[in-house]
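Per TrEMBL, the features are as follows:
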type: BINDING; residues: ASN19, LEU21, GLY45, GLU66, ASP88, ASN104; note: S-adenosyl-L-methionine binding site
type: DOMAIN; residues: 26-169; note: domain 'Ribosomal RNA adenine methylase transferase N-terminal'
type: REGION; residues: 166-187; note: region 'Disordered'
type: COMPBIAS; residues: 178-187; note: compositional bias 'Low complexity'
Amino acid sequence: MPTRRRSARDRARRELGQNFLVDRSAARGLVDLLDPTPAPVVELGAGRGALTRELVHSGRDITAVELDPRWADVLRGSFPQVRVVRCDMLDFRFPAAEHVVIGNLPFGITTAVTRRLLAERSWSQAVLLVQWDVARKRAGGGSQLNAQWAPWYEFRLHGRVPRALVPPGARGRRRRPGGAAPTAPAAAVPRRQRYQRFVEAVFTGRGRGLAEVVRAVTGCRVRGLPALPRDLPVEDWPRLYVETR
């Protein structure tokens, strides 16, 4: 049975981990998740412009980040009102002013991009299309990364995009000043790096059960803890940190 020969663009797409949206309604649904604010938009991995096409209708300032030079040229020709930056999204310099982020992330660098975003301070919301397993892990809590960022961010799983349209997706949302506060307010965790080292030490520490690990790390006895670090709700990690100071 004859098979289609891969084009140079197909090979490049595979190498870059590109997974393009092919349904306009799915793209529109993702864009509709953005809060209706006038904040500029940074689109990561713009590709063919499926999301870009929907974003231009919002009237916002848009910056589209795309590594593939061929797709970057297509974007410039199709959307002259959009600022196109050709670079790796991991190397992109995010604006200092408040903005929102949207993107269909390459599977191979989803975690790296997530960590990069979490380290940035100027964005107020991120809508990201990622693999379903990654989305459930981020939104479901139970991981070291989620616990480390619990005082400052929350992750929300919005839904799924059918496989035929593009692999499944999720929504990530940064906590806003004045929004719903975590169990221990961020103000009670003044040093982010110290708090995150504490979480790492507990997740990687040795002991029979979470209480024993916490005692080994901090010298404090804490009652009522679940069996394992992954079983402690992310909103309780800041409180645990404060209680053991």
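The chain as shown is numbered from 1 upward.
Glycine is treated like the rest: Cβ placed from N, Cα and C.
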LEU21 (S-adenosyl-L-methionine binding site): tally of other CB atoms within 10 A of its CB: 23
Neighbourhood of ASP88 (S-adenosyl-L-methionine binding site), C-beta criterion under 8 angstroms, separation at least six: LEU67
Other CB atoms, at most 10 A from the CB of ASN104 (S-adenosyl-L-methionine binding site): 26
The domain 'Ribosomal RNA adenine methylase transferase N-terminal' (26-169): DSSP-derived helix, strand, coil residue counts: 54 helix, 28 strand, 62 coil
Spatial neighbours of GLU66 (S-adenosyl-L-methionine binding site) that are distant in sequence (at least 6 apart) but have CB under 8 A: GLY45, ALA46, GLY47, ALA72, LEU75, VAL84, VAL85, ARG86
Other C-beta atoms that fall within 10 angstroms of the C-beta of GLY45 (S-adenosyl-L-methionine binding site): 26
Model confidence over the domain 'Ribosomal RNA adenine methylase transferase N-terminal' (26-169), averaged pLDDT: 87
